[in-house]
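Enquirer: Next up is a structure, given as structure tokens.
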Amino acid sequence: MTRYVFITGGVVSSLGKGLASAALAALLQARGYRVRLRKLDPYLNVDPGTMSPTQHGEVFVTDDGAETDLDLGHYERFTGVPATRADNITTGRIYLDIITKERRGDYLGATIQVIPHVTNAIKEFVLDGNEGYDFVLVEIGGTVGDIEGLPFFEAIRQLGQELPRGQCAYIHLTLLPYIPSAGELKTKPTQHSVAELRSIGIQPDILLCRCDRPIPREERRKLAQFCNVRESAVIEARDVASIYDVPLSYGEEGLDREVLALFGIEATSEPKLDRWRTISERVKNPEGEVSIAIVGKYTGLKDAYKSLIEALTHGGIANRVKVNLEWIEAEIFEREDPAPFLEGLNGILVPGGFGQRGAEGKIRAARYAREKKIPYFGICFGMQMAVVEAARSLAGIPEANSTEFGPTPEPVVGLLTEWMRGNELERRVAEGDLGGTMRLGSYTAKLAPDSRIAEIYGGTAIAERHRHRYEVNMAYRERLEARGMRFSGLSPDGLLPETVEVEGHPWFIGVQFHPELKSRPFEPHPLFKSFIGAAVVQSRLV
């Protein structure tokens, strides 16, 4: 029997519903249950693929090529289960599907309405494909009271009535703000949030209360009384030092036991959380530290690089060091010397991005790393700019550039117009739509057997996730390799460069894919493990 748990949020946004959902999934997994995580996003975009990273944050790409919410990254990292396009849906996607069906005549002339057509589509999505799972955790994006979320709340209310008794539960994540002048945590915002939820027809079974200090017993009693939940169902979600402490913290508070009790399941043993304790101990007690510069375009919102931050943390865990991040806006290097910003750092990472803004700054960062022998990791756009830099500085091609920025006589990086997905040829044109038109999802690559990157991976066959429209031009391979920039990884057909490395450099690697999307705390990605390892070596030389 599959049981459904719906996670909603109240009072304010950005409370961490995704982390809470992932942590609960990890706790249930640690008890031996099979868990699926899904995300309902109320915004009208079809997917986050064309949304600004500084507004929405990272776009998390799945193996099957879906551009999804960053919370799916939390789901994967905490559970180790790869997400798919079937785990995330938006209002925009639902409306697009409904309108397409209406235009096709599928509704036989019926008047299309939010109830039942939109709510039915949401329910169908929630219930589809859950065979074999013990629990399905469904996170509803946004905050209770948001007008965009009303169809989703109505849909999960209906599911509470339609599913057999004992198969559905609701968790409400809320905030208990501390008022210094009063010297106490305030429960009134939570009471109002629950009242709003109940006015929709949803009675939460568990309150997960974010706070920065212990909740006094009297406040727990007040919340239980006014929000109509058991006192044991008022769960303290106190701030912790690391997100990898969240499952341990929620486990100590009994969140998983309370969920099992809701479904009439007796918790006969404790969850097996030893590996989480090991990760927590390594994060809290590093044996050293390194400093890494991230030269990016969206540094104003760290969520734009969420998976990258976590992958670097995983590399630190593997090397037992703390990773300190120095955020540098790439545009700064277009008007200032990079040296004062980068001196004394142990590694430079240039992440993905789109557009000309900051491109020359990233090129200068790559040159500094190459010339000063500092470990350099270029991801997607960061690889492309490293190749442009090498073409200009090493191969004697001063006009080398990317066609992404306009016409150029030396298109070292150009628009990717066709590529193979399995046995099928995919094509794109420059004039096409932006949404969903990139090389997306998991693709295989072949690494040169004697390359550094093959040594790091421990093999020559890899599969990594991509998200890009532009690709390094193979026509420049011979000239670049003659100057020490090796094309060490190619697509299976040998037509697309996937990895490059600078020979004779301590650690200079560029990859066209996004390895950060596949890194896990218990299985750090080999490239991040190696990069941080190289930074540790560099730290001993400074």
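Even glycines carry a Cβ here, placed using N, Cα and C.
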Enquirer: Given that Swiss-Prot lists SER13, ASP146, ILE147, GLU148, LYS186, THR187, LYS188, PRO189, THR190, GLN191 as binding CTP, which residue among LYS39, LYS123, LYS222 does it place in the same site?
Expert: LYS222
Enquirer: Among ASP63, ASP64, ASP69, ASP71, which residue does Swiss-Prot annotate as binding ATP together with SER14, LEU15, GLY16, LYS17, GLY18, LEU19, ARG238, ASP239, VAL240?
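Expert: Within the candidate list, Swiss-Prot flags ASP71.
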Enquirer: Looking at L-glutamine binding as recorded in Swiss-Prot, which candidate out of GLU334, GLU336, GLU404 goes with GLY353, PHE381, GLY382, MET383, GLN384, ARG469?
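Expert: Between GLU334, GLU336, GLU404, Swiss-Prot records just one in the L-glutamine site with GLY353, PHE381, GLY382, MET383, GLN384, ARG469, namely GLU404.
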Enquirer: If the L-glutamine site is taken as the center of the Cβ atoms of GLY353, PHE381, GLY382, MET383, GLN384, GLU404, ARG469, which further residues of that chain fall within 8 Å of it by their Cβ?
Expert: GLY352, PHE354, CYS380, MET385, SER402, VAL413, HIS468, TYR470
Enquirer: Roughly how many Å lie between the Cα atoms of MET383 (L-glutamine binding site) and GLU516 (active site), rounded to a whole value?
Expert: 14
Enquirer: Taking every protein chain in this structure into account, which of the binding-site residues SER13, THR187, THR190 has the most other Cβ atoms within 10 Å of its Cβ?
Expert: THR190
Enquirer: Measuring CA to CA, name the entry from the recorded positions GLY16, ASP71, GLU139, GLU404, GLU516 that ends up nearest LYS222 (UTP binding site).
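Expert: Among GLY16, ASP71, GLU139, GLU404, GLU516, GLY16.
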Enquirer: Which whole-number mean pLDDT does the model give the region 'Amidoligase domain' (1-265)?
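Expert: Mean pLDDT across the region 'Amidoligase domain' (1-265) comes out at 95.
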Enquirer: Inside 10 Å of the Cβ of HIS514 (active site), count up the other Cβ atoms and send me the figure.
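Expert: Excluding its own Cβ, the number within 10 Å is 23.
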Enquirer: Quick one: of GLY18, ASP71, ILE147, LYS188, PRO189, ASP239, which binding-site residues lie within 10 angstroms of GLU139 (Mg(2+) binding site), measuring between C-alpha atoms? Sequence order, please.
Expert: GLY18, ASP71
